[in-house]
Amino acid sequence: MIQMDNSALQKLTETISLKYFKMPFKHKAYFNKRLRTTGGRYLLSSHNIEVNEKQFAKFGESAIIDIIKHELCHYHLHLQKKGYQHKDKDFKRLCQQTGAPRFCSAIEKYEDRVNYIYQCQKCASRFPRIRKVDTNKMVCGKCNGKLKELNN
């Protein structure tokens, strides 16, 4: 398997920034092993970009390129004092111009992460959940029936 270290990621980020945005990337890009639910993130305070190492391991360099493009959209817009958030028109426009995706592929499917399954005692609907639910407070969203935890 091909490996990519932080220096290769830095070089790739600088190259993508010049190629797609026609502006230099003057900060740091590095892998963060602690990222779990996101492909990468742009840090507003330091202007650095962190990338989820597991994305490279599972999906390869093309996924990393897409993540870098997305984070560079945040980076360049923030430095230009334009709308850098997902909801902003500037961000959506720049993502479209550069071919940066709005989201990346999930590393694990939701079904694989499910730890609890609840069933409505009234309509028998099943609800897979990652986190435990307080069955005294939560009710079925379809019929307002009482939920019961099933043993996996």
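Even glycines carry a Cβ here, placed using N, Cα and C.
What Swiss-Prot says about this one:
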type: ACT_SITE; residues: Glu71; note: active site
type: BINDING; residues: His70, His74; note: Zn(2+) binding site
type: DOMAIN; residues: 9-149; note: domain 'SprT-like'
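In sequence order, Tyr42, Tyr84, Phe91 make up the list of same-chain residues 6 or more apart from His74 (Zn(2+) binding site) whose Cβ falls under 8 Å from its Cβ.
Taking all protein chains in view, 26 other C-beta atoms sit within 10 angstroms of the C-beta of His70 (Zn(2+) binding site). Residues of the domain 'SprT-like' (9-149) grouped by DSSP class, helix first, strand second and coil last, total 53 helix, 25 strand, 63 coil. For the domain 'SprT-like' (9-149), the model's pLDDT averages out at 92. The number of other CB atoms found within 10 A of the CB of Glu71 (active site), across every protein chain shown, is 24.
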